Amino acid sequence: MADLTSEFIGIKSPNPFWLASAPPTDKEYNVRRAFEAGWGGVVWKTLGSEGPPVVNVNGPRYGAIWGADRRLLGLNNIELITDRPLETNLREIKSVKRDYPDRAVIISLMVPCDEESWREILYRIEDTGADGVELNFGCPHGMAERGMGSAVGQVPEYIEMVTSWVKQYSKMPCIVKLTPNITDVRKPAEAALRGGADAVSLINTINSITSVDLDDFAPEPTIDGKGTHGGYCGPAVKPIALNMVAEIARSPETANLPISGIGGVTTWRDAAEFMALGAGNVQVCTAAMTYGFKVVQEMISGLSDYMDRKGMTSTSELVGRAVPNVTDWQYLNLNYVTKAKIDQDACISCGRCFAACEDTSHQAIEMSEDRVFTVKDDECVACNLCVNVCPIENCITMEQVAAGQLDERTGEKVPEEYGNWTQHPNNPSNFEAAE
Amino acid sequence: MTSNALTPGIVSGRLPAEDLVENFSDLHPPLDDHEALVAADRCYFCHDAPCMTACPTDIDIPLFIRQIATGTPDAAAKTILEQNILGGMCARVCPTETLCEQVCVRETAEGKPVEIGNLQRYATDTLMASGVHPFTRAAATGKKVAVVGAGPAGLSCAHRLASKGHDVTIYDARAKSGGLNEFGIAAYKSVDNFAEKEVDWLLQIGGITVEHGKGLGAGLSLEKLKADYDAVFLGIGLAGVNALNVDGEDKDGVLDAVDFIAELRQADDLSQVAIGRDVVVIGGGMTAVDAAVQAKLLGALNVSLVYRRGKDRMNASAFEQELAATKGVRIITNASPKAVIGNGAVQEIEFEYTDDDLQATGQTVRLAADQVFKAIGQQLGGDDLPAVERGKITVSGAGRTSMAGVWAGGDCASGGDDLTVTAVAEGRDAAEDIHAALSA
Ligand SMILES: Cc1cc2nc3c(=O)[nH]c(=O)nc-3n(C[C@H](O)[C@H](O)[C@H](O)COP(=O)(O)OP(=O)(O)OC[C@H]3O[C@@H](n4cnc5c(N)ncnc54)[C@H](O)[C@@H]3O)c2cc1C
Ligand SMILES: Cc1cc2nc3c(=O)[nH]c(=O)nc-3n(C[C@H](O)[C@H](O)[C@H](O)COP(=O)(O)O)c2cc1C
Ligand code: SF4
Ligand code: SF4
Ligand code: SF4
């Protein structure tokens, strides 16, 4: 079994699976049970300033979308930061960390955007024994209306300013948690780096309305007839999060900035994907909220089996492995030709590939009288839609047409050499250059 | 209780009332909302779906299942009922394992088809429970059509004609409508008087008058009907039964399975229905299985189903055979009845073993029997019918008979399997053809 020990910005944990700052980490009771279940670390539920705690709504906090079999795909929430007294949280953090010295305990913070507030909170958490802080510049609802959370995370100058205060008043490693509710995630990441952040974590939740009550005509979750946008998370947001992680990892400005990957991690595979795209570790919220703390055990066994299969002895060998292969569209090889191929033994003749290709793609699938489906190589553009809609895994595959072979669609031989858009004759800039 | 399983002869009350209730409860209990959603989620919404092709009434199965999945079971019911007005009964009695579910791609994929029948029942039950009849009649045409037989074929035909604006009179020889839905289908497939409720619901469309106790040869003649109406539809099923033609067939205790089933279906109190201790059912079809299983469920000690050919030739589907076996029916194949033995009433019945070509082997066996049910097929009854070939009214196209102005469908007509759903399809299609003829 591969060694999953992870070291992230100097913080050690027995595995790279941390619970993200959220309800699973809101109190000692939860965190102790999480550690017993095997989680490598936690980012404690975000703390606010000293004084009367925030209050949450007393109606529903969550909305959701589901897939087949009511599998939870996306969750949205309008919960605020911790609504328990600061003192209670600090006492509990200290007690947990004392009993679990090998686990990572990070404190998430969100206080008003002034130097004094940050200095004060950093002072208050100093003797908890926590391993680091995470600055919550991400939550998109409620706190943002009060000038905190994503209201800070959307302004790179504020990120830089607050981060530099934190580095000035604390010796703890500092992670800046980014909001995805921006246009270019590299900008806030660069600001965090300028401010002295040791790492960024992303993504926090995405502005969303999950559904509308069609009897009351109000967004869900509905509180006394009204609703507000919430923060979206869970499996549905993973693709968005993966892209944002990759953007930071491959940008020259932030290439060396450690990343804690968050957003829809549900299985070991999701975690491995984040790590391959440059995340040093991952944080999980919705999967734990859906299935309980035990899910981490599958993540641990799955990642370690995978690493064994790949001959990796440390998670650092996985981190960033896919980053060099993330590129811009213009550098994709236009001379790489594939065709869909249907495995007739696996095919159950549902006809979904046919409906998809015939109605919405390239009319490249033929259906016979007796429901045999075959791809017409002279029409197939290799869009992959049939693969995506086929209910049987690996029934349709994309087969490469080797260099030198005929591409029946174009009537031309597949070129030997790599050729991308920048080199393509149809590219207007080449056209001009030629003239 | 005066009798039990061991009491000799044909007696009632072999089982306590609560056992009877349990035995005759729904064979497939209805899906609840949650089960229906889970089942509906499994459908792949196939293109040109094979299940739909396999359905004799061409119900748009992927569409109705998707309507269930999206929380609109009433819309799903309408999709079903537009094609098959007895979609509720068909959901209960169709041998789905040899129709839609057999070809479901998830049967191919996992050996476990989408539960199409149960989902159909869920949708139609939901709609019918709300008391809604979702169809209305077109403007009156002033045309009159006589439908003979209030079974699935006749009802389906009448409903479609009424919806087109024609006035329909249904004549049925029996005192109740429904045909074999009411008198033939196994009790555990149609509980809570569903057949009658469904007929009442169907008639809500309006424009249909039902006259009971009037049949061809019993106060009606086809000539007269032809004269009095613009068109006639015959859906008279197969009212006669085949005989065994063996010695002793007339002894007491030897009955037609269909009569036994009809008695059972009409009984208000199952503990009053008499059943033998040692029951032998002769036949290999759905009727034989239903008689045998229900005899067992009434508390008969030994029930044997004896068929003259091999198991693979039995008309009863594998599912039905398995049902019989699990209920404790002993299935004996390759044995042909030779003689009914007994002094006044049957005591034993002798069979001779046959090979697969029905050749006698000379070896015989006797089974103790105080009751014998004959289930070796029904036959067309009645004179002055349109041309008949191989025991069925010859039809071409959508139920056209040899007589102008007379259509036929269901069990009495040639072509198609003898199934409720086929009868519904044929009645509906004949109605469309009649409508076209009357509109021309
Ligand atoms: C015991 C048994 C079990 C069955 N189980 C199933 C099953 O589980 N699933 C399935 O799909 N199919 C089953 N079937 C077959 C199915 O019941 C028939 O295929 C279907 O009922 C045929 O419909 P129909 O309208 O043609 O005839 P019927 O249902 O037989 O209706 C004919 C109607 O015409 C009336 N009638 C007859 N003669 C005259 C006359 N001369 N004048 C006026 N009226 C007349 C009768 O009273 C009756 O109401 C079963 C059949 C039997 C016998
Ligand atoms: C109910 C709920 C409350 C949350 N509260 C916080 C919070 O207080 N601080 C924070 O930084 N993130 C908070 N988050 C965001 C999560 O930490 C995490 O970034 C997000 O859910 C994406 O990860 P996931 O897809 O694994 O759930 C919350 C998420 C949920 C569902
Ligand atoms: S890859 Fe696209 S074009 Fe080719 S067969 Fe599949 S759906 Fe059609
Ligand atoms: S979608 Fe897949 S299983 Fe269905 S017909 Fe196409 S190849 Fe076969
Ligand atoms: S064959 Fe099965 S999966 Fe396909 S549409 Fe019919 S019920 Fe659905």
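Glycine too: its Cβ is placed from the backbone N, Cα and C atoms.
Given the structure is predicted, the values throughout are model-derived calculations rather than measurements.
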Which range is region 'Disordered' per TrEMBL? Of A:76-95, A:416-435, it is A:416-435
Cβ under 8 Å, sequence separation of at least 6 from the ends of the region 'Disordered' (A:416-435): give me the contacting residues as numbers and ranges.
329-335, 403-404
Looking only at the domain '4Fe-4S ferredoxin-type' (A:371-401), what are its DSSP counts of helix, strand and coil residues?
5 helix, 9 strand, 17 coil
Determine how many residues of the region 'Disordered' (A:416-435) DSSP places in helix, in strand and in coil.
10 helix, 0 strand, 10 coil
